[in-house]
Amino acid sequence: MSWQAYVDDHLMCDIEGHEGHRLTAAAIVGQDGSVWAQSATFPQFKPEEMNGIMTDFNEPGHLAPTGLHLGGTKYMVIQGEAGAVIRGKKGSGGITSKKTGQALVCGIYEEPVTPGQCNMVVERLGDYLLEQGL
C-alpha cells in the first residue's frame, strides 16, 4: 500500500459511526521533515515548525511555552503522551501528531469532528505503523 493510500483510506476517511465527518487535513511526514504523503488540504509547513514538533517528542514540554506552529497556525499544546503523542487546540479545531519509529502521523480537525475522534483516527494508524516496524 502506498503512503498516499494510508492518508486517503485511513486518515481522510469517514469517522466510524459518523458518516460525512472526517479530518480537515492529514499527512505522514518523515522524522527528517520530508512529506511522505498528505491530503490536498494539509498546510505547507516550514522546516523549523517540524523541527519544533520533533524536539517536543524528544524533550516533552518544549512547545508548551510557545505553542505548536504548523503552516503558520499556532495551536495551544494540550495534554498528550510524552514522547508519543502531541495534541494542540485552536478555537473549534486542533491537531494530533503521533510519532512512529520513522515518521509522524498528523491529523487536523474542525468541528463537528471532536478532539477524541481525531486522536482515535491518528493514533490508530500510528499504532499500526509502529507494529509494522515503521
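The backbone N, Cα and C atoms fix where each Cβ goes, and this holds for glycine too.
Here is what Swiss-Prot says about this protein:
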- C13-C118: disulfide bond (DISULFID)
- T114: phosphothreonine (MOD_RES)
- 84-100: motif 'Involved in PIP2 interaction' (MOTIF)
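Note: the CA-CA distance between T114 (phosphothreonine) and C13 (disulfide bond) rounds to 15 Å.
With a cut-off of 8 Å between CB atoms and residues at least 6 apart in sequence, the same chain places R22, V121 near C13 (disulfide bond), listed in sequence order.
Model confidence over the motif 'Involved in PIP2 interaction' (84-100) is summarised by a mean pLDDT of 98. Here the motif 'Involved in PIP2 interaction' (84-100) has, by DSSP, the following mix of helix, strand and coil residues: 0 helix, 13 strand, 4 coil. Taking Cβ-Cβ distances under 8 Å and a sequence gap of 6 or more within the same chain, the neighbours of C118 (disulfide bond) are L23, G94, I95, T96, G107, I108, Y109. The number of other CB atoms found within 10 A of the CB of the residue listed as 'phosphothreonine', across every protein chain shown, is 14.
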